[in-house]
Amino acid sequence: MEEYSLPLHSSQVHKLSIIINRSHVFLHCIAIAFLIYYRLSFLFQQSKTSLLPWLLVFASELFLSFMWFLGIAYRWRPISRTVFPERLPEDDKLPAIDVLICTADPYKEPTLEVMNTVLSAMALDYPPQKLNVYLSDDGGSSITLLGMRAVSKFARWWLPFCKSHAPQAFEN
């Protein structure tokens, strides 16, 4: 396939936001460390107050601190991305893609959700001759087969409707 000189996307790192966010994270970590030290030092003191509420509050603070720690990754290096769909190659130069949808248990993966996924994959804005959608199923439930039969009947009507009413967002 021919190489293109212009990229399809670009990203920009926000340096000021990095400094602000990392300073906030640092101060917040110090505050959490002091809070944990305070709670642990109380556990070793002899007091007449009940220990159970104190342990519950300490456990909830540890849990919320852990949840906060998992969420800071998104703010650690903020970037903004810009895509350039007008730089995509023509339809005849696009590569063929295969979409594999795996399902096994109709209780963990409800048939309606699998049907919606298959229908959404088939309705992608991609040349139909270069798009292959596969469904992998263990055959343990006949409800998936019945659902796929229903979605194939619906797709004969729905996909042409989607193609004819698709928004032309990138045309001038």
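Each Cβ is built from the backbone N, Cα and C atoms, and glycine gets one as well.
Since this is a predicted model, take the numbers as computed values, not measurements.
The Cβ of D138 (UDP-alpha-D-glucose binding site) lies under 8 Å from the Cβ of A104, each of which sits 6+ residues away along the same chain. Taken from TrEMBL, the feature UDP-alpha-D-glucose binding site covers K108, E109, D138.
According to TrEMBL, the transmembrane segment annotation covers 25-45 (among others).
Here TrEMBL flags 51-74 (among others) as transmembrane segment. Within the chain carrying the transmembrane segment (51-74), a Cβ under 8 angstroms from the stretch's Cβ atoms is held by residues 21, 25, 28, 32, 35-36, 39, 42-43, all 6 or more beyond its ends.
Those same-chain residues not listed among K108, E109, D138 yet with C-beta within 8 angstroms of the centroid of the UDP-alpha-D-glucose site C-beta atoms are T103, A104, D105, P106, Y107, D137. Each of the binding-site residues K108, E109 was ranked by the number of other C-beta atoms within 10 Å, and first place falls to E109.
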